[in-house]
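Chemist: Straight from TrEMBL, here's the annotation block:
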BINDING   GLY11, ALA12, GLY13, LYS14, THR15, THR16, ARG116  ATP binding site
BINDING   THR15  Mg(2+) binding site
BINDING   ASP33, ARG57, GLY78, ARG134  substrate binding site
Amino acid sequence: MKTLYITGFMGAGKTTIGKAMGELWQVPVLDTDQEVERKWGKTVREMFEQEGEGVFRSRETEMLQALPCQDAIITTGGGIVGKEENRQWMKRNGTVLYLYCDPELIAERLREDTTRPLLQQDNLDAFFSLFRARQPLYEEADIQIDTTGKSIAAIVAEIEEKIK
């Protein structure tokens, strides 16, 4: 099977759905953010704070291209679609899945999450602006699923149906 790349905004459920799909298909699930953290020995937040977003994004691209293109599920960081190079890589090397979730629900889910470097709870306007800016990039995906209000099982079933 070609790799399944799962994209979407922070808090949309990429990691949760990726793990569920990996169990179902019996394939490894790799997360670009976790792999970047492992290789460079810093959290994403530390990289943003100490080296800047540009350094992190370069590492993210390097990691994306180093991960398997067969028999795997890759969950991506929310900003990976910001680079055309990344969107093209994923399209050429697998199936790209966009998990949409209502931004109001995401903001509610992430209200207390201090690990999200681009989410400033004191500035929800910036959050919604970033969501709107990225949405057309996510929509370039091969498959789009609206996860708002759906169970994990329902989302997995919908993905299975659309991939067949």
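Note that Cβ sites are derived from N, Cα and C of the backbone, with glycine treated the same way.
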Chemist: Sorted by position, what residues of the same chain at least six away from ARG57 (substrate binding site) have a C-beta under 8 A from it?
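Modeler: Sequence-distant Cβ neighbours: GLY79, GLY82, LYS83.
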Chemist: Any idea what the Cα distance is from ALA12 (ATP binding site) over to GLY78 (substrate binding site), rounded to a whole Å?
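Modeler: Spelling it out, the Cα of ALA12 (ATP binding site) and the Cα of GLY78 (substrate binding site) are 9 Å apart.
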Chemist: To the nearest whole angstrom, what is the C-alpha distance linking ASP33 (substrate binding site) and GLY13 (ATP binding site)?
Modeler: 14
Chemist: Mind computing the max CA-CA distance among ASP33, ARG57, GLY78, ARG134, which the record assigns to substrate binding, rounded to whole Å?
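Modeler: About 18 Å separates the two most distant Cα atoms.
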Chemist: Between GLY11 (ATP binding site) and ARG134 (substrate binding site), what is the CA-CA distance rounded to a whole number of Å?
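Modeler: Counting only the Cα atoms, the answer is 14 Å.
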Chemist: Sequence order is fine: just name those binding-site residues in LYS14, THR15, THR16 with a Cα within 10 angstroms of GLY78 (substrate binding site).
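Modeler: So far as Cα distances go, the binding-site residues lying within 10 Å of GLY78 (substrate binding site) are LYS14.
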Chemist: As a test of the contact definition, list every same-chain residue at least 6 positions from THR16 (ATP binding site) whose Cβ is closer than 8 Å to its Cβ.
Modeler: ILE152
Chemist: What is the interatomic distance between the Cα atoms of LYS14 (ATP binding site) and ARG134 (substrate binding site), given in whole Å?
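Modeler: ARG134 (substrate binding site) has its Cα 16 Å from the Cα of LYS14 (ATP binding site).
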Chemist: Long-range same-chain neighbours of GLY13 (ATP binding site), Cβ under 8 Å, sequence gap at least 6?
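Modeler: Set apart from GLY13 (ATP binding site) by at least 6 residues yet with Cβ under 8 Å, we have LEU99, CYS101, THR147, ILE152, ILE155.
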